[in-house]
């Protein structure tokens, strides 16, 4: 174990050195036009191969069984851990303030489950049709083939800069102690998935099952309290809830459209995570069969958990306490039914929940960075594509860890930190619009040549509903927030949206300069060749081919 930790430290040092010194690959990222030679590589170990399909736009992985360590349970927990961080403990109070009544709260949670089910169907369709890692990157590259490389460049800058782990932490770095704990937690996740893949997956699964067990205990305890089972009554001295009488159930429902929009926005984000297994499909055993079962199963568990836990909270905590307490609903629940001494237990539960969420996010986002490296559009592509030294995408994991730690340590509490968190979330909506809108295009006669016929196909109405729900998510942050729901204290509420759009424009500018303007100016075109690195990982290498017509990237 100690030797492996030392090797991890050495590996990170070498990765850092390669970042400083440049790539050590034998073939440069973009070869000079006057030099042309065929790429030759060693035969990969364990029979790893990569086959380019006839459309010349997608590479489907043919990975040996030894490299596929994600089974049905692990795929389910990738999604379950991604959805459930701290939201299940805190979100019910936030949604109640937006909805105004217990009844409207449940309607919002049910509508949110419907939106999540449509998103699940969309990503299951793409996962069965394009069963390889990358998620939205893979799907958008398949759909938006012209101009070539543009959608990849557009996505790449987000893939490197988005810091989803800040959402997982769900805390502001207000003190040095909090920053240190967050740093240690993130570093532990890097070590777990970077050097001990098997143990990291087992820990991730164990935390997911632990989280599911806790939610089951909360749900059953709430139902027992509602049914009057001895030992589960609200402790003396606390308000007795009457949330399920008909009059109180709908009391306060007249909240107006602004409040409803705010509530639905928060609910839909609470269900986000249904696509998490799609980012690592190359490592999933029997990916088509697994994703068809894992994603729906995980989201059914999520929906049942959210609804049953809300029933439990409202069975034990009065509406007034949830609205005025300033405390997360779970803390009030544990206090009312188990006594104030259980607050420390809840803190430990939340900490383990955050750890599971962090592990799940880092696992998949590291593989997204690796897929960007395998595409060849980034500098140091061989670095990002590598599986050295532990047969894991350590470079991608390290990149995500580094960016998150820098942001975590450098950003002051308050507006700056919240800005980074919100900025990390908004591009997901943009990608969902492009993915679902692209799927609708695949159904049209204009895209008949794609011959899109995956093993699972969502209903067209489902895809349209998911597309419109993401249009909703894209527009809401540009609407002035309801009173009491201000996004920032000093920044404009739309500022993170502006940065997200600007970042996307920078990605397009990067494409225009390096893949269109420069090639056209110097009379060559860029083509991709698939090569195998000495660690058995396939990736694309970009070549400059002289072009008599002067055309560049098409």
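Backbone N, Cα and C atoms are what each Cβ position is placed from, and that goes for glycine too.
All annotation found in TrEMBL is predicted automatically rather than curated by experts.
Not measured: the values here are computed from a predicted model.
Taken from TrEMBL, the feature transmembrane segment applies to 70-94 (among others).
Note on the transmembrane segment (106-128): residues 95, 98-99, 135, 138-139, 260, 263-264, 267-268, 270-272, 274-275, 277-278, 281, 287-288, 291-292, 295-296, 299, 302-303, 306-307, 310, 432, 435-436, 439, 454-459, 462-463, 465-466, 469 of its chain, located 6 or more positions outside it, place their CB under 8 angstroms from a CB of the stretch. Per TrEMBL, the feature transmembrane segment maps to 106-128 (among others).
Summarising the annotation, TrEMBL assigns transmembrane segment to 149-170 (among others).
Per TrEMBL, transmembrane segment is recorded for 176-197 (among others).
Annotated transmembrane segment per TrEMBL: 209-235 (among others), in sequence order.
Taken from TrEMBL, the feature transmembrane segment applies to 255-274 (among others). Remote same-chain partners of the transmembrane segment (255-274), defined as residues 6 or more beyond its termini with a Cβ less than 8 Å from a stretch Cβ, comprise 79, 82-83, 87-88, 91, 94-95, 98-101, 104-105, 108-109, 111-113, 115-116, 119-120, 123, 295, 298-299, 302-303, 306, 360, 425, 428, 469, 472-473, 476, 479, 481-482, 485.
What TrEMBL lists as transmembrane segment is 295-316 (among others).
Taken from TrEMBL, the feature transmembrane segment covers 345-364 (among others).
The transmembrane segment annotation in TrEMBL covers 394-411 (among others).
Look at TrEMBL and you will find 417-442 (among others) tagged as transmembrane segment. For the transmembrane segment (417-442), the list of distant contacts is 119, 122-123, 125-126, 136, 139-140, 143-144, 151, 155, 158, 162-164, 166-167, 172-173, 269, 272, 407, 411, 450, 452, 458, 460, 463-464, 466-467, 470-471, 473-474, 477, 487-488, 491, 495-497, 499-500, 503-504: same-chain residues at least six beyond its ends, Cβ to Cβ under 8 Å.
Feature annotation from TrEMBL assigns transmembrane segment to 462-481 (among others). For the transmembrane segment (462-481), same-chain residues at least 6 beyond its ends with a Cβ under 8 Å from one of its own Cβ atoms are 114-115, 117-119, 121-122, 258, 261-262, 264-265, 268-269, 422, 426, 429-430, 432-433, 436-437, 439-440, 443, 487, 493-494, 496-497.
The feature transmembrane segment is assigned by TrEMBL to 493-518 (among others).
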Close approaches to the transmembrane segment (295-316) from elsewhere in its chain (Cβ under 8 angstroms; 6 or more beyond its ends): 75-77, 79-80, 83-84, 88, 92, 102, 105-106, 109-110, 112-113, 116-117, 120, 123-124, 127, 212, 215, 218-219, 221-223, 225-226, 234, 241, 243-244, 270-271, 273-274, 277, 322, 329-330, 332-333, 336-337
